[in-house]
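Here the structure is laid out as structure tokens; the discussion comes afterwards.
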Amino acid sequence: MPKEKSKHRHRSRSRERRDHRSPDPRSSRNRDRDREREREKDRDHRDHRDKERDQRREREKDKSRDKKREHKSRRRRSSSSSSSPSSSTSSSVPGAPRSPLVKSPMKLLQTLEARRLVEQKDRQRKKEELKAHETPEEKRARRLREKQAKEQRRRERMGWDNEYQTYSNEDNPFGDSNLTSTFHWGKKLEVEGLSNLSTKTVEVLSLQKQLENRRELEKVKKRRQERELERQVREDDLMMQQRAKEAVQFREWQRQEDQFHLEQARLRSEIRIRDGRAKPIDLLAQYVAAGNEPLEECLEMQMHEPYVLLNGLPVEELEDLLVDIKVYEELEQGKHIDFWNDMITIVQDELQRQQKLEAENSSLNQRRDGIHQAVVKDVADIFRGKNAQQLEEMRHRIEAKISGRADGVDISYWESLLSQLKAHMARARLRDRHQALLREKLSLLKRENDNETLQEKVAPQVKEEEMETQDAEDPEVEEGSPEDEEDPLNELRKTVRLYQAGNYSPRYIREEDFTGRRAQNEDVDEPEAEGLLYEEEDDERRTQRQRLLILHPERVDNNQLTPQELRMRNEAKQGMQGDEAEFSVETTLDAVPQLATDKYRPRKPRYFNRVHTGFEWNKYNQTHYDMDNPPPKIVQGYKFNIFYPDLMDKSQTPQYFLTPCADNGDFAVLRFHTGPPYEDIAFKIVNREWEFSYKRGFRCQFHNNIFQLWFHFKRYRYRR
């Protein structure tokens, strides 16, 4: 047998040498395929030989084990027969060991080993029986299963993943017929100096490389997961920051909304007070805001305590007042909280008192009250005349008596007394606050009176000093020339000065005005026309105009900017460059009728516009002009900033409309339109095509009550 194997190996090696010398690639592929088949055969033969060797060794072990077992059983039988006469002697020795206890573990192991061998023989016997009785198809299926299991174990040793376990040479997505065999890269092995290695060594190196690549892939996968986790953490942090920012913004919106509702409630109160249909809550709100207002606006209201307004109110109005007070308390968010809490206590007490009276009148109240009607007046006398501090001490004593619950104490009486005491304490606090407010207003009134008295005393002295200064500056008057003495105007001038110094004479009227001649210039200012006499028709028209200004002072045209409009104008001025100038070419529009429901007077909005000018260096200007003698500037764009601080509907965005002029096509009218109370406003601009790109400076937005429309004109360049 060994000689045959050596001959076979010699033939295969000689065949490999011949195949190695042949330069044909097809023959080399066939040679590799034959070599692979021979390796498979050698491997199968080696496995079969190892299997037979193992079976032979197993049989020899079984035989030797059976011999040992038989030998032990014979010795046991002989020892048992010889131990019967010597049992008495062995039992008499106290230190002799007991054989059954010592040999019991050995017996157990032997029994288990014997049972295992029996089961193994049974399995082997059944397997042999199945092989003997199986059909050729079953035999092929069994060998195929064994081959697949063997291939599975080999792939596991090679480190294949579960993803590639189902691939085979015939069925794989790569189209590789040698997928299961190790790839032999001869050129690479030659470069690396590993061409002399055996196939098994190459397989081991390939397996190590594969395991190293797998570990590297695991590291890459782990790093990718860590990056994804870090990115998720960053996104969560950004989301939390965004949520916090939105929460702050929402709280700001909520605060602005509450402030808006509070301003609207105050505005409604002012309108009702001005129209003579004020509610109790309007007067209370006016009383609370009186501390920050001028003296003359709320002096009449402040002469009485605020709870005096509750006298004579029915139950329905008291309930409405209680709801309104709670609304104001919620809108003001802690401002004047003590005042509103005291008013709630007083209103609730008054409401309970009136409800009790109604129930007694209708005979529906059958429950005994804590205080008898006979002593109600005495209880009121106890509370009357005490300040807030004394009432607070009384409250502590009553609460201590109620919490003590001593024998003989009427708890219901003291509880009713405590409920009334709270209302009296609220009235006392409001009374003290009212007295402090009156003292403050009184001191302010005294200071104003002192200032007025001082001004009245100083005014005549100032006028006399001015007259003396004028006389000193007039040299002609000091010289006293006869021409000046004869001048009637000089005497008249002195008379006027004396009248002004006396501060009681009427204004001088010219003699020609006594005829009742009307002023020919109707556009004369009010101070200049004050000394004129009017006819009855003109006087009536002037009186009506003054009455209208008194009833509606908001309709007076005031060119002075408010602080808010001044702040908006300064904001619009920011970023103004040297090539920009202020632009205010406003055009007239047809009168647009306003709605009857407008709450504010119609008026035009304020604005701050800029015009952007510059040089256009076209071919003609480059030829005829230079930087020392530049061409005339042209309009290159506009920046309109229209202010709408009092816009009623902030959701209605202002709009603009561009209409070319009918008489001149080079100009157009840019009209801005929005809701009440603002009227439309229009400007006359150059009619050219706009640049609507934000990169070119276009802006159309309504932000911070400012409507901004910024644009530049397109520049056309000549191209051949």
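Every residue gets a Cβ built from N, Cα and C, even glycine.
The model shown is predicted, which means the values in this text are computed figures rather than measured ones.
Residues or ranges marked as coiled coil in Swiss-Prot: 109-159 (among others).
Residues or ranges marked as coiled coil by Swiss-Prot on the basis of sequence analysis: 206-236 (among others).
Sequence annotations record features per position, and here Swiss-Prot assigns coiled coil to 346-375 (among others) based on sequence analysis.
Residues or ranges marked as compositional bias 'Basic residues' by Swiss-Prot: 1-15 (among others).
The compositional bias 'Basic and acidic residues' annotation in Swiss-Prot covers 16-67 (among others).
Feature annotation from Swiss-Prot assigns compositional bias 'Basic residues' to 68-78 (among others).
As annotated by Swiss-Prot, compositional bias 'Low complexity' applies to 79-92.
In the compositional bias 'Basic and acidic residues' (113-156), the DSSP tally of helix, strand and coil residues is 42 helix, 0 strand, 2 coil. What Swiss-Prot lists as compositional bias 'Basic and acidic residues' is 113-156 (among others).
The feature compositional bias 'Acidic residues' is assigned by Swiss-Prot to 465-489 (among others).
Under the heading compositional bias 'Basic and acidic residues', Swiss-Prot lists 512-521 (among others).
Marked as compositional bias 'Acidic residues' by Swiss-Prot: 522-539 (among others).
The annotation phosphoserine is assigned in Swiss-Prot to S99 (among others).
Other Cβ atoms within 10 Å of the Cβ of S104 (phosphoserine) number 9 in total over all chains. Taken from Swiss-Prot, the feature phosphoserine applies to S104 (among others).
What Swiss-Prot lists as region 'Disordered' is 1-156 (among others).
Feature annotation from Swiss-Prot assigns region 'Disordered' to 449-492 (among others).
Per Swiss-Prot, the feature region 'Disordered' maps to 512-541 (among others).
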- Task: Could you pull out which residues elsewhere in the chain have a CB under 8 Å from any CB of the compositional bias 'Basic and acidic residues' (113-156), counting only those six or more residues past its ends?
- Result: 62, 65, 69, 164-165, 180
- Task: Would you mind pulling the DSSP three-state label for S104 (phosphoserine)?
- Result: helix
